[in-house]
Every structure is written in structure tokens, then in C-alpha cells.
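Novice: These came from Swiss-Prot, pasted as-is:
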- CYS254, ALA255, ALA256, PRO257, GLY258, GLY259, LYS260, ASP277, ASP303, ASP322: S-adenosyl-L-methionine binding site (BINDING)
- CYS375: active site, nucleophile (ACT_SITE)
Amino acid sequence: MKNTYNLRSIAAKAISQVLDQGQSLSAVLPELQKNISDKDRALLQELCFGTLRVLPQLEWCIQQLMARPMTGKQRVFHYLIMVGLYQLIYTRIPPHAALAETVEGATVLKRPQLKGLINGVLRQFQRQQVELLERAVNNDSHYLHPSWLLARIKQAYPAQWQQILDANNQRPPMWLRVNRLHHSRSEYLELLTQADINAEPHPIYRDAVRLITPCAVNHLPGFELGWVTVQDASAQGCVDLLDPQNGEQILDLCAAPGGKTTHILEAAPKAHVLAVDIDEQRLSRVKENLQRLQLQAVVRVGDGRAPDTWCGDQQFDRILLDAPCSATGVIRRHPDIKWLRRDRDISELAQLQSEIIEAIWPKLKHGGVLVYATCSILPEENQQQIAAFLQRHPEAQLTETGTTAAPGKQNLPHPEDGDGFFYAKIIKK
């Protein structure tokens, strides 16, 4: 039976909601893919994520092919052309099928009179594809990052910026976290081998396993039984560093969607964990993850800047603060970040992080441990943030993560390793 939907028009709508309305893909896609088959859902995600990953290159190509950009109510057709170009350049979809489905998208979007224009632009690209792509390499669109972010990465990492951009522009690896309450990592690796799934352990993070070829979670042994969770290796490093112990009072602040909350409880199942996040909607994901893994924590809505409102005078042995940040370390997973963030956001985020860490510090017991983490690679949110905090608090002692002169540990995104992530482990003397 033929599908009653057109994936290319749905992708164009999703991209429009990201670029024109400032919504994230993760917020937009669930509603748009409700009535789509699993196979087509994977293709829709590829079209959306892929187009946003290489957006500047596609934009540059359109500028060479069209005298005027499509604006206003026609803007969604600009994105439809981008989706068409993405298929021709980056997918194995036969060109005739890519063209036919993309052109048909104009009818679904109620502008059938634009079919000729869209068809003409895509066919012209086919004729000039080799020449256009060669020319595209010689301008800044080749970097596939907005200019403000490119400048910040170059400034922060003069020797490594190109490797960072390359990693950001690739598809992310798929990492798993083995639930040590069910199996050791070596036991689960054996289960993967029996299921013909190739994987390898992370050299540092004790529960992390990388799949050589990503697969659907329903193919993973025991996924529905809670034997394993999909979580990036660098994110797993937070809990390894926190080192939670049974019987302790532990706060996971900015906890949604719950990956670190559940990791804490897998590492210390008798710990008393409070998971707090400001976003009530995202907290439902924390509850879902706890339920799937059959773990228990107290889950509360709360603003990290006002802890008295959600924990009163309670104090904690350990606090994990996965602070709100620019997410510049996870661009390969969320390419829409490149187009949703603005340069001015960085100073605003740094101010918010400072307010949260100041507010939560009094809630840590003497001798207690605070792990500050972000999925950012920008110094303003990381090393500079912690250096300023240590200067304000002589009772705060950095441990295991860098020195006072260069505080914290910065992971950079790597094709065969984890995402960009920063950690600082601090003891209250």
C-alpha cells in the first residue's frame, strides 16, 4: 500500500520550524512523525539532521542556482529544495526518486505551481554538481558552522579547531551504558557478540560500549529489560567521576532526561537520589527512564538558582550539576544547535551557570563532592567558570581534574570516542 504522506515535505516543515521558529528538532519531530512507519521515520530523521548538518553548503549551492531566495510564505519551499539537494549529494536514494518525491512535496504543501521551479533547480544542480561542489570547498560554507562559532572555536583551540569541526560534521557514534546491576561489561559484550553486533569497550569509562555499526534499540539484548541504556561515553564520565556510594544523599541537578540519574543508581542502588530539573515536561523522561530500569529516585521540578524552594535545608554528600550550556560539544548529535544558538547566548549562559553553582554550593556538606559538568567546549562556560568559582571560594578544592591554573578536564568530540564534555570535581573542605 502506497504511503499517504510525503517525507520531503514533512522534512521541509521540520526544518522551517527549526530555522524560522527557533524550535529544536527533538521538540519538532515527535509530532511530525506520529503516523509514519519505522523505516520512513529513520529516513525522515536522516533528511532533517543531514540537511541541518550541511546547511551552509546547501545554502551556497542554492545561491548559485537561483537569482532570488524564496522568502515569506514560500520559505518552506527553499527548505524543500535543500532537502532535494541533500539527497542528491549525500544519500543513495536514486536521483529520479529523490527528484520525483521532492517535486511532489510542492503539491502536498499546496503550491503545485512551484513544481516546475523546484524540478528545474534540482535538474540544473545535477548538471553542474561536480563543478559546484568543487567551488564550494573554497569558501567558508565548507566549514558548515556559523561564522561566530567558527571564530570562537578557532580562538579557543588554535591547533585543534579543524579536527573539532570535522568531528562535529560527522554522524555520531552509538555508545551504550551497560547496567552493572544485571551484567558486567564483558558479559554484555559477549551477549552482543552472540547477537552478531560488533562492539568494543571504552578504555576509561567502565560501563561504556561503542557499537561499530549503530542499530535500533530493539535489536539490543535486554534493552526492554533494562540491561543497557543508550548514552554517550563522555556523559557516562560524569558519574564515574562523582563516584556515588550507597547510603549517601545525592543531588542530580538539571537532571532531565535522566541518563545520569539512572547511572548514579546503577552505581549505588542504595543511594538516596533527588533528581531536579526546571522543565516539568522533560522530567517525565526521567520518570520513564527510572521505570524502564526499575530504579527509584525522588523527582522534583525546581530552579537551580533557588534550591530552598525544593529541598529546604537538606544537604547532600554529592552533587552532580550538569549545567545548562551552549551544547557546543554535542553538535554532531544535534546539528540544529549550530543554527539555534547565537553569539550573545554564551555570556548569558555563563551568568546562569555562575548563579546556579553559587546557589547550590551551600547545599553541599563539608567533605562533600560537587561535579560540575557541561556538554560545551567553550572556555567561558568551563575552565573560566570554574577558575572564577575557585577564586571566590577558598574552601573549594579541585581534585582529579586539572590544576587551579588550568581547572577541569575538557573532552573534545572524536569520531571514535565521546562527545565534547567538560568536568570539574570539587571537594568542600
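Using N, Cα and C of the backbone, Cβ positions are placed for all residues, glycine too.
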Novice: Would you mind reading off the Cα separation of GLY258 (S-adenosyl-L-methionine binding site) from the residue listed as 'active site, nucleophile', to the nearest angstrom?
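Specialist: That separation, Cα to Cα, works out to 15 Å.
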Novice: Applying a 10 Å Cβ distance cut-off over all chains shown, what neighbour count does the residue listed as 'active site, nucleophile' have?
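Specialist: Looking across every protein chain shown, the total is 28.
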Novice: Once the DSSP letters are reduced so that anything not helix or strand counts as coil, what is LYS260 (S-adenosyl-L-methionine binding site)?
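Specialist: In three-state terms, LYS260 (S-adenosyl-L-methionine binding site) counts as helix.
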Novice: For ALA256 (S-adenosyl-L-methionine binding site), what residues in its own chain, 6 or more apart in sequence, show a Cβ-Cβ distance under 8 Å?
Specialist: ASP277, ASP279, ARG282, LEU283, ARG285, VAL286
Novice: Through the lens of DSSP with three states only, how would you label CYS375 (active site, nucleophile)?
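Specialist: Its secondary structure by DSSP: coil.
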Novice: Could you list the residues of the same chain, at least six apart in sequence, whose Cβ is under 8 A from the Cβ of LYS260 (S-adenosyl-L-methionine binding site)?
Specialist: ALA235, CYS238, VAL239, ASP252, LEU320, ASP322
Novice: Of CYS254, GLY258, ASP303, the binding-site residues given in the record, which has the fewest other CB atoms within 10 A of its CB?
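Specialist: Counting other Cβ atoms within 10 Å of each of the binding-site residues CYS254, GLY258, ASP303 gives the minimum at ASP303.
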